[in-house]
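J.: This is the structure, below, for whatever I ask next.
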């Protein structure tokens, strides 16, 4: 008979599939889902159950349809013995079965059930073993019969074996199906399947109904309270409105509490939650084993159901807790909806380039999405984290009606701004300041002697080699007025120091010896002063010498643009003798006169700014810097930034070595307290606090490092040849240590200017201070030697230098350092050799000796032929071979040389093609001194 699926029956009746499934279960049918199939008679029975007329019949005889349907199903499958056993049992009515589904399951004796199942499995396993043994004996018997039968019965045996295997497989499949049907019936009887979808739908409908009832009650209460509040607040003050609103809210809460205390009576709901059912495990038997090995075991459906039941139970528990929490939340009074505050737009907006949309939105108190939309309408695609340029920000502010102003950001690390800002100085606080005078001129023209005379001390006698090594800053008093003097070196190596002195000075005193006249450094000093736009006072010194000629000096200076006022120029000329203190007062009066004409003024009320004159490292004090205060007043404990360093002024000393606490404009002082020694010529400035000074100093150091890295020379087509050529040069590595920063600069510049073809100077390291162990370690690693200028090595450094074979050269005069370095560079060059011919000889006879070679008998016709000389073989005026002698003999004796007019024999190394009348030219290579 044909079968029908439940969803087909539902489609014919116009019902939903789940209704048909539920009706089939009510009729006692074992169906699982809408895709389950039933016989046509059962389908007709299900269809008839939906008709009103058929309903009484079903109630009168509930068990009759099921019994008939089961009998029909059993007749359709007569081969199943398990079904036949079921026929013998009395038919159970359907109604009691449906009652079991709704009722609570009774307690079971699981221990007794497990023991019974174990006994059944043991008996079945024993029976299967006997069957397998009989089958094995039959198989062995068949094999023996096949072997005895011969070739003729081979096909018959194969057919019988195939039939036996087929029967065996059919029997196993039959027993397997019977067991499965028994297990399914047993599981259905113990725990019938539950329609979880129907139960979940019922539970959800019940919860929705409960929530709708409670929500409707709360909504009505809220509407009533709102209407009452609106009527009462028509003509009341805001304070009264808020008080009454609070009272009404309390009343609403009380009403809600009463509603919760006295809930309405409802019929108890049927517990539709899924119960955890204990299903028996599947019987494991030996039917899944065959001769070729065990088969893959079937999945344990019971254990899967247990896991699924446990998950659903946990989900229900969590859902229950969540529903309870929501119920508590529903009982609370709803929070009033707060209206969004309206912020007025500012009238002005100060912006900087690179502001993001989010920053602008925060400043004008608008949402970023609103600004993004406006920008989109303006044709600008942007996100809230995107930076905008100044023009876009201005257009955006115009759209909002806000006046946009660009914020001028001040670079806190820029010291130079203090020197150029117009508003830094107070015009009302300006006072007259002392002039800063720089004494410049050629070496040994008497600059330091003049300054010594001015200070009434003997500083000049202490200068090594008669030249000043670094700038000296001093202050004297003349006619109650202070004058600050700077003494600059006159040697050619100190060009940078003279330029630095001219840049901070107000007046330049150009010292020219009356007997020497204008010299190279004199011209250089003139150029520095003109570049700095500084007036020049010419002091013609050494007029006491017999060969003095001041007129010649005036004429030579006029050729270089320094004209005397007597000749219509603007430079004052004073003839002096610094050694004998002649006309010194007149020179000082001239200085004060020129300073008065310049009207030099400063503001002592502002924070101090100025220039570094000199810097050095002291063993006990650390970094020591000589500063010239140009504006403001410098105090002890001031936070200060000097060049790329920073610190706090711990101590100040004047030019006399006395400690001072205050330094006004045009005052030279030495300070301590910096973290590093600055560079001479750097500017300094005092900051408000140490935090800002530290930030500015660190930022300046970072910028200097980045600038140094970016200054690395890159190879291009223009400098490719120079780069390749520099790679072929030899290098002299030098480490320079000096007493002051100015000497380090001068020495480094002078050494790098030394021009020796093929050799260059590489300054590995240069610093201020004594030679220490780290300098020796660096020299050893870089294969360099150390030059100490006015410094000495520490005892530990000296011992380490001797152990590591590092050369240390100490000097106090700069031109001696330059001469010594030039000699060292020339010694680095490869020696040059010149060829010198020492003699000639003619081959008179040749002798060929086996295993030796060709011997040439010769006579010296000019000079001599030496054993260690090189020879050329010349034939018909052409050089045939150039090489060395293998042996030289006079008759049978080995000799070192054969002189003119004598005969001998020779062999040439690597050459045997000597012929008669060949000319042998002997020569040597001599080294040429550079």
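Cβ atoms are placed via backbone N, Cα and C, with glycine included.
Values in this document were obtained by computation on a predicted structure and should not be read as measured data.
Relevant sequence annotations retrieved from Swiss-Prot are reproduced here:
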- 441-448, 487-491, 541-544: GTP binding site (BINDING)
- 68-90: compositional bias 'Basic and acidic residues' (COMPBIAS)
- 110-125: compositional bias 'Basic and acidic residues' (COMPBIAS)
- 157-167: compositional bias 'Basic and acidic residues' (COMPBIAS)
- 262-295: compositional bias 'Basic and acidic residues' (COMPBIAS)
- 337-346: compositional bias 'Basic and acidic residues' (COMPBIAS)
- 432-599: domain 'tr-type G' (DOMAIN)
- 50-217: region 'Disordered' (REGION)
- 260-346: region 'Disordered' (REGION)
- 441-448: region 'G1' (REGION)
- 466-470: region 'G2' (REGION)
- 487-490: region 'G3' (REGION)
- 541-544: region 'G4' (REGION)
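Could you place the listed features in the three-dimensional structure?
T.: Cβ neighbour count for residue 444 (GTP binding site): 16 (other Cβ atoms within 10 Å of its Cβ, all protein chains included). The DSSP secondary structure for residue 444 (GTP binding site) is coil.
Counted with DSSP, the region 'G4' (541-544) comes out as 0 helix, 1 strand, 3 coil.
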J.: Mean pLDDT for the region 'G2' (466-470), as a whole number?
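T.: Mean pLDDT across the region 'G2' (466-470) comes out at 41.
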J.: Within 10 angstroms of the C-beta of residue 447 (GTP binding site), what count of other C-beta atoms is obtained when all protein chains are considered?
T.: 28
J.: Which residue counts does DSSP give the compositional bias 'Basic and acidic residues' (110-125) for helix, strand and coil?
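T.: Grouping H, G, I as helix and E, B as strand yields 16 helix, 0 strand, 0 coil.
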J.: Could you list the residues of the same chain, at least six apart in sequence, whose Cβ is under 8 A from the Cβ of residue 543 (GTP binding site)?
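T.: Counting only residues 6 or more apart in sequence, the Cβ neighbours of residue 543 (GTP binding site) under 8 Å are 514, 550, 575, 576, 577, 582.
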